[in-house]
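Below: one structure, written as structure tokens.
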Amino acid sequence: MKPCQPGDWVARSLTSVWHPCTQMQHHETMPLVPVSHGRGAWLFGTDGKRYLDAISSWWVNLFGHANPRINAALKEQLDLLEHAMLAGFTHEPVIRLSERLAVRTNHVLGHCFYASDGASAVEIALKMSFHFWRNSGQTDKREFVCLQGSYHGETIGALAVTDVALFRDAYGPLLQQAHVVATPDARTAEVGQSAADVARRAAMQLEQLLADRADKIAAVIVEPLVQCATGMAMYDPTYLVEARALCDHYGVHLIADEIAVGCGRTGTYFACEQANIWPDFVCLSKGISGGYLPLSLVMTRDEIYRGFYDADVKRGFLHSHSYTGNPLACRAALATLDIFEQDDVLNCNRERATRLTTALKPLAEDKRVAHFRQRGMIWAFDAITDDPAFSRKFFTAGLQHELLLRPIGRTVYLMPPYVLNDEEIDGLAVRTRKVFDEVIGD
Ligand SMILES: Cc1ncc(COP(=O)(O)O)c(C=O)c1O
């Protein structure tokens, strides 16, 4: 292959690649960055420039790019088995991964069903919930409940339980109607209200709905603790406690979409652990493979699994994807779990988090900033600005300061991989401040 000049890559990409989540015309003014390689928290452009990947490449990368341990595991797996179908066959990586994840839930969620992307996992959880009720004779239970501002992916089923207008509105006529209930977003607190008060207030609205329609409702789906895509809306664990109790009381499933917040992102391996609850379904993806390969899965209770176990094929869960349980992706996930266990990652992240929160203090106290917030390895704040192009300007200015940051609307957030050293943490805080000053002005 003939080596390509940096400028050529951009032109060729714009000619032939339709980039995700992008109004392509914006690339007339917004840079497109051709990446040649990655090391640790850094991505390197074909022009030799480098960028600190402060959003873990859409929240997937946990232990840095080209991680030697994950690379070694993958290289070994490549020579053993790249893929085999999972219907009628099985293999060591998928078995070990399912077992190790079940252990992490104390065997409450004893079975794993596999797919590739996050949205597929959400589709699976929704279908499984509906089908479980159908198998148990409750065919009317076919409605779903999601939270205001929820985001669960972009396929038609997942979009139906997504409440972000920008992604949803164009496809509204295609989508099944879901019940949207109040968000426990702590930013909605009234004077004198705590985050837990907001959570209880929101749970009361959920209770009204369930009291009215539980016989028609299959499941409530939530993003535990942080509603990321709507703008890092953080909320108190009380909401999860209440939602679990309400779902138990009214006989409705609770689906925890931990695609963004799982794998240690909020400080515990599963975000639900902070509420001491287990849902009926957990969706995982993104960080599960360390950010290496598309892998998603749905964990569920054995009681739900047993609801499908029957001589009748139609009572089985016949859903599938060609790459379900791909051995390479599962092996990357096993190597990722090894790192969690061998490096005491959750504790080390607490130290990283304290340092970055301290370093971000000047921004947190800035009068042009509202609602500075942090949970685990997620930081966010809302810029006080009306500029509709704020996010794009911030992204572009960030690149000038060796930073990859993509604000959501006017919410600036940091979601770095779990490998930053002290120097990188301090540099990230200083650069974020500089970019903010440049974009927002005085
Ligand atoms: C909470 C949540 N659910 C589902 C998804 C969809 O995952 P994917 O983009 O892999 O389909 C995302 C993606 O950002 C997410 O944040």
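Cβ atoms are placed via backbone N, Cα and C, with glycine included.
Annotated substrate binding site per TrEMBL: Trp58, Tyr151, Lys286, Ser320, Arg406, in sequence order. For Tyr151 (substrate binding site), the same-chain residues that are 6 or more apart in sequence and have a Cβ closer than 8 Å to its Cβ are Thr162, Asp163, Val164, Phe167, Glu223, Gln227, Cys228, Ala229, Thr230. Under the three-state DSSP scheme, Tyr151 (substrate binding site) falls in the coil class.
The number of other Cβ atoms within 10 Å of the Cβ belonging to Asp257 (pyridoxal 5'-phosphate binding site), over all protein chains shown, comes to 32. Taken residue by residue with DSSP, Asp257 (pyridoxal 5'-phosphate binding site) is part of a strand. The pyridoxal 5'-phosphate binding site annotation in TrEMBL covers Gly118, Ala119, Asp257, His321, Ser322.
Around Lys286 (substrate binding site), a 10 Å sphere centred on its CB holds 27 further CB atoms from the protein chains shown. Summarising the annotation, TrEMBL assigns N6-(pyridoxal phosphate)lysine to Lys286.
Among the binding-site residues Trp58, Lys286, Ser320, Arg406, the ones whose Cα sits within 10 Å of the Cα of Gly118 (pyridoxal 5'-phosphate binding site) are Lys286. Considering only the binding-site residues Trp58, Lys286, Ser320, the residue whose Cα is spatially closest to the Cα of Ala119 (pyridoxal 5'-phosphate binding site) is Lys286.
The binding residues for pyridoxal 5'-phosphate are recorded as Gly118, Ala119, Asp257, His321, Ser322; their greatest pairwise CA distance is 23 Å. Just so you know, of the binding-site residues Ser320, Ser322, the Cβ with the fewest other Cβ atoms around it within 10 Å is the one at Ser322. Checking the binding-site residues Ser320, His321, Ser322, Arg406 against ligand 1, not one has its Cβ under 6 Å from it. Each residue contributes its Cα atom, and for Asp257 (pyridoxal 5'-phosphate binding site) and Lys286 (substrate binding site) these two points are 11 Å apart.
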